[in-house]
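Quick look at what TrEMBL lists:
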- 1-22: signal peptide (SIGNAL)
- 32-146: domain 'Plastocyanin-like' (DOMAIN)
- 159-296: domain 'Plastocyanin-like' (DOMAIN)
- 377-517: domain 'Plastocyanin-like' (DOMAIN)
Amino acid sequence: MGRVSSVLIAFMACLMAASVRGEDPYIYYTWNVTYGTVAPLGVEQQGILINGQFPGPEINSTSNNNVVINVFNFLDEPLLFTWNGIQHRKNSWQDGTLGTQCPIQPGTNYTYHFQVKDQIGSYFYYPTIGMQRAVGGFGGLRIYSRLLIPVPYADPADEFWVLIGDWFGKSHQTLKQFLDSGRSIGRPSGVHINGKNGGLEPAYTMEPGKTYKYRICNVGLKDSLNFRIQGHSLKLVEMEGSHVVQNQYDSLDVHVGQCFSVLVTADQEPKDYYMVASTRFAKKTLGATRIIRYSNGVGPASPELPPAPEGWAWSLNQFRSFRWNLTASAARPNPQGSYHYGQINITRTIKLVNTLSRTGGKLRYGLNGVSHVDPETPLKLAEYYGVSDQVFKYNIISDDPASPIGDLACAPNVINATFRDFIEIIFENPTKVPQSYNLDGYSFFAVGMEPGKWSPEKRKNYNNLDGVSRHTIQVFPKSWSAIMLTFDNAGMWNLRSELGENRYLGQQLYVSVLSPNRSLRDEYNMPDTQVLCGIVTDLPEPPPYSS
């Protein structure tokens, strides 16, 4: 009997050890964030480096990994990072925006800890305070599929990051001063590819006959960019975390905040070829080139660059061609068990109209008549500590704004969303400038996109657009775009324009999704390491959520 008991105890101990070992893996990074010299357009200026690198180091993870990043701020100003497209399930504490976190002060550090739960694909990170993103601090974040999860294409010979963006050639402090004084930051000075604009040294080398994956992200502030590779086609296989139907493209329009993964086969004459990124929808076209070299190449790249497409209608039609690969094995939401969008029971429709105002000679942007301002106390902390009524008011905008929208009011812009409600959001863009929006914490379905004004009758068109699950939505000039999602991720989530100037000047809001039961099944407690600021600094910590 004693032997049986000892064997049973040993067996239980093994089970407990296996349980501990069964936790999803951890990966660790230490970042030293400093100023340094950068020269994307050939002129030296002050930039933001991470561990001395520009662009910053890659975060290399696998689905469900726990990512731990200890950030040391050696700048002379506050700092935060956001992880563009990462859902942070139950964990808006790590989202890295001024609505959820107190800044990392100069000379201090903060450790981010988040899980890339049930996600795959190409993403990027960047600093969120002020206009810091304009001078660096950004880098790629890749999430591989877990082993044994089939991927709908053969493993590439190698993978290459292509971080493209417009560049303004001014310090972020100068750009911030422009905006604070009421003026625009104007047009960019140029475009970069991985922090450079030109040169004959190869960015990457390919071996003949092999296929490579290029992870392309637009990390800029303002301009949509067209990306192409001289003499090569791009097979699109993934965008913003979703496997897609694999179509071939001569070029891709990559809007601000978006990421694509493409396969490129080295099947051309062995020599050098140009990668090209150039601005779209601008009066003056700006571009950048970098060299791709065949390992056995014997000649220079042709000086004749492939032309970019013209007009925003071309871009709209390309965007409509993207289709979700529903046969691929990958984590993906399936709202109410249906992909027939027109038949889904919509609980609420929110229409968001972007506007600008120059009241008092100062430029401001807003949504539904409100230009967001960040209070001293982060919105999430105010809500968690039960003092939100001292910091902001909920729902100061209407779900269906009156037309026309007059002068903008400046205030924290926070709307409530009922936990697990299925909501349709309509982005209406009455301006002549393309817009891009991102909603932290969620993937959503882009199911409608048309010129003109939206109306409920146009919902019937949803069945004609399969769409793709994504985190960034493009809204073309004088057009609307519709998304659908289930608000099943409790927290305080930032919905923002991806255009740096628009976001800084108020074209953003926060969506508060509260757990009705204050349960750990729905949301994590505030981390013990969370920095406090504003009116909650000396308040007693609220009772933790229960299990």
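Any Cβ shown, glycine's included, is placed from N, Cα and C.
Mean model confidence for the domain 'Plastocyanin-like' (32-146) is a pLDDT of 97.
Helix, strand and coil counts from DSSP across the domain 'Plastocyanin-like' (159-296) read 9 helix, 70 strand, 59 coil. Applying DSSP to the domain 'Plastocyanin-like' (377-517) sorts its residues as follows: 23 helix, 55 strand, 63 coil.
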